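Novice: Sharing the features that TrEMBL gives for it:
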- His102, His104, Glu109, His149: Mn(2+) binding site (BINDING)
- His104, Glu109: oxalate binding site (BINDING)
- Cys25-Cys40: disulfide bond (DISULFID)
- 54-201: domain 'Cupin type-1' (DOMAIN)
- 1-19: signal peptide (SIGNAL)
Amino acid sequence: MQLPYLFIFPLLLAAASDALVQDFCVADLSLPAGPAGYPCKKSASVTVEDFFYHGLTTPGSTKNKVGAGFAAAFDAQFPGVNGLGVSISRLDLEVGGLVPIHSHPSAAELVLVAEGTLTFGFISSYDNKVYIKTLNKWDVMVAPQGLLHFAINTGNTTVLAFASFSSQNPGIQTTPLALFKNDFPTDLVAKTTFLDVEQVKKLKALLGGTN
């Protein structure tokens, strides 16, 4: 059955309204970012180097509490992705290293394991079901936008993985840091998490929180 012309025409207009009105919007890092990202550089000053990034060749330091190193290619590091809704990062994990439970409010995350064994999982929001899979070299898994997820090196060698995002800047909120690395009053943390006060104090001391 053919759709009436008057029905198709608004659909075409809607599709056209979502199309890019310019080829790209390379980030002007000399200006502050806004809700839609960085302002565009003037086209006359854009070069091929804006669309190239070499920063993922060097691993982030894993000399920290969680044994995880992170190197990002978001809009602030890689101006060419500004406005394109894509970005990528590198993850290095020591044996036993982990990425604590966190979420990206602005993006889904696609993880590719290049070396090692990585246990990756996320938690659904509607029934709190946990989806966990152990990934080996060249395995891929996705975490939907905004959902809590985590990664642990459960193998016997270091892990090298790459995470792609459906945003130029996915944002991040790490649950342990949000609860214990600030001045959120201990008694309120205990009450809202069902933890005892002494456990909250211990976690605040570990992660640098106060109050």
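In case you wondered, yes, glycine gets a Cβ from its N, Cα and C as well.
In TrEMBL, annotation is done automatically, which means it is predicted and not curated.
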Novice: If you take the centroid of the Cβ atoms of His102, His104, Glu109, His149, the listed Mn(2+) site, which other residues of that chain have their Cβ within 8 Å of it?
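Specialist: My list of surrounding residues reads Ser103, Phe122, Ala143, Leu147, Leu148, Pro170, Ile172.
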Novice: Neighbour count, 10 Å Cβ-Cβ cut-off, for His102 (Mn(2+) binding site): what number do you get?
Specialist: 18
Novice: Expressed to the nearest Å, what is the distance separating Glu109 (Mn(2+) binding site) and Cys25 (disulfide bond) at their Cα atoms?
Specialist: 23
Novice: Cβ neighbours within 10 Å, counted over all protein chains: which one of the disulfide-bonded residues Cys25, Cys40 has the most?
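Specialist: Within the set of disulfide-bonded residues, the most crowded position is Cys25.
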Novice: Which whole-number value in Å describes the distance between the Cα atoms of Cys25 (disulfide bond) and His102 (Mn(2+) binding site)?
Specialist: 29
Novice: With DSSP helix as H/G/I and strand as E/B, how many residues of the domain 'Cupin type-1' (54-201) fall in helix, strand and coil?
Specialist: 25 helix, 56 strand, 67 coil
Novice: Can you work out the mean pLDDT of the predicted model over the domain 'Cupin type-1' (54-201)?
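Specialist: That region's mean pLDDT is 94.
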Novice: Could you state the CA-to-CA distance between His104 (Mn(2+) binding site) and Cys40 (disulfide bond) to the nearest Å?
Specialist: 24
Novice: Could you tell me the C-alpha distance between His102 (Mn(2+) binding site) and Cys40 (disulfide bond) in angstrom, no decimals?
Specialist: 30
Novice: I'd like the Cβ neighbour count for His149 (Mn(2+) binding site), meaning other Cβ atoms within 10 Å of its Cβ, all protein chains included.
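Specialist: If we count other Cβ atoms within 10 Å of His149 (Mn(2+) binding site), we arrive at 23.
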Novice: Calculate the distance in Å between the alpha carbons (Cα) of Cys40 (disulfide bond) and His149 (Mn(2+) binding site), and round it to a whole number.
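Specialist: Here the two Cα atoms are 33 Å apart.
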